[in-house]
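Chemist: According to Swiss-Prot, the protein has these features:
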REGION    1-265  region 'Amidoligase domain'
BINDING   13, 146, 147, 148, 186, 187, 188, 189, 190, 191, 222  CTP binding site
BINDING   13, 186, 187, 188, 189, 190, 191, 222  UTP binding site
BINDING   14, 15, 16, 17, 18, 19, 71  ATP binding site
BINDING   71, 139  Mg(2+) binding site
BINDING   353, 381, 382, 383, 384, 404, 469  L-glutamine binding site
ACT_SITE  380  active site, nucleophile
ACT_SITE  514  active site
ACT_SITE  516  active site
């Protein structure tokens, strides 16, 4: 039978509930337990797929094609378990399900209300499909007191009574701010947060307290007394240099022991932390440094590229080097020469994006990388712009463009209207809804033998996650290949280009998919490991 850990947050947002949940999952896994992580998001969007990256951050795509919260990326990176569409739900999805049921008459004429209908829908989501797991960790988005989160709080309160005795534990993540004028850490914000949580009927078993310095024993006793929590269950969560230090730090503070003790599991099996200790050691003791320029459209909010950033760091871990990131807004290169910005970097990465804004800057970045022999990694939109650059400057197709930007006589990149998924043909139209209508999730690709990318993967058959509407037009394949750009990977049916590369370039690869979504600190993605290795070689030349 699965045991449930509910993680809530208080005082302020962005305290790191997702990292805390992921780290706890990793610690329980290290003890041999089977762990599942789920995220409950209070916003009214059905999913984050149509939300602005500069407002919500990255949209994390699962193998089965769900557009989910970026915290699911943390869950995957820390536990190695691939998430599914059933691991994330929003208020919007819950209400949509309920309204659909009401329209079908499933409620048999009953008045549909928050209690019991909304709360039951939430409870069903939390408890379904957990037969194969020992622990289910549920993160509740937002902060205690948010009006949007109230149905979720009520649902997890009810679950405390619905589930068998001793199978639900509540962890509350709070902030203990340091006041310089007083020269001390303050407990009052945490006290008020717990008081508000208790007013909702939820009594936390464990307090996970964020702080930028050691919490004195006297302050722990104070929190224990006023928050009605065992002193041993007041766990300090101190700031660390890397998020991959968090599992070790939480284990040192006894979080996993306290969770298991709250479930009555004593003595608990000892954790195997060697892999995490090796990662932490590699991060602390790099043997070199490389600088990677990220030429993007959403550089104002780094969370828009969360998985990408982490995948680059994973490449650094694989090569025992520190990865320094230079963020460049792509629009800059539409007005200025890229050379002063890019001459000193060791690699250029152009990530995914949508829309015409900044596209010419990305094209100019690709041209600089091609001509100057600087390692270039184009992902999704970054691959498309590299192909447009080749079409214009190598194949002489001056009007080469993407139909995403409007009508064009030379649609080197165009809207996909149909593609094969499994054994079924999927179709889309330009007039269709934006939400959930892209080519989403894991698709297979066939790599051309003897190409650089096939050598990196070590296999001609790969599966990677996609999120795009537009695709390089296969009708231009022969003209582009005659100019030196090799289409090194195609969809199994040979219709959709998946990867491109220049054989005469040290490292120039474009991919239509998002390899960053499958990279892990304990298992770096081969493309990122190879890209950073190429950047390391470049650093010796600059």
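Residue numbering: from 1, along the chain as shown.
In case you wondered, yes, glycine gets a Cβ from its N, Cα and C as well.
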Chemist: Cα distance, residue 222 (CTP binding site) to residue 187 (UTP binding site), nearest Å?
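Modeler: Rounded to a whole number, the Cα-Cα distance is 8 Å.
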Chemist: Nearest by CA distance to residue 382 (L-glutamine binding site): which of the binding-site residues is it, out of 13, 15, 18, 139, 186?
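Modeler: So, spelling it out, the nearest of the binding-site residues is 18.
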Chemist: Validating a neighbour-count step here. Other CB atoms within 10 A of the CB of residue 19 (ATP binding site): how many?
Modeler: 22
Chemist: Given the recorded positions 139, 189, 191, 514, find the one whose Cα is closest in space to the Cα of residue 71 (ATP binding site).
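Modeler: Spatially nearest to residue 71 (ATP binding site) by Cα position is 139.
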Chemist: May I ask for the distance between residue 380 (active site, nucleophile) and residue 514 (active site), taken between their Cα atoms and rounded to an integer number of Å?
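Modeler: Rounded to a whole number, the Cα-Cα distance is 7 Å.
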Chemist: Round to a whole number and give the Cα-to-Cα distance in Å for the pair residue 186 (CTP binding site) and residue 514 (active site).
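Modeler: Cα-Cα, rounded: 43 Å.
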Chemist: Checking the spread of the L-glutamine site as listed (353, 381, 382, 383, 384, 404, 469): what is the longest Cα-Cα distance, in whole Å?
Modeler: 14
Chemist: If you measure from the Cα of residue 222 (CTP binding site), which of the binding-site residues 17, 381, 383, 469 is the nearest?
Modeler: 17
Chemist: Just name the winner among 188, 222, 514 (the recorded positions) by count of other CB atoms within 10 A of its CB.
Modeler: 514
Chemist: Counting only residues 6+ away in sequence within the same chain, which have a CB under 8 Å from the CB of residue 17 (ATP binding site)?
Modeler: 7, 8, 9, 71, 139, 140, 141, 173
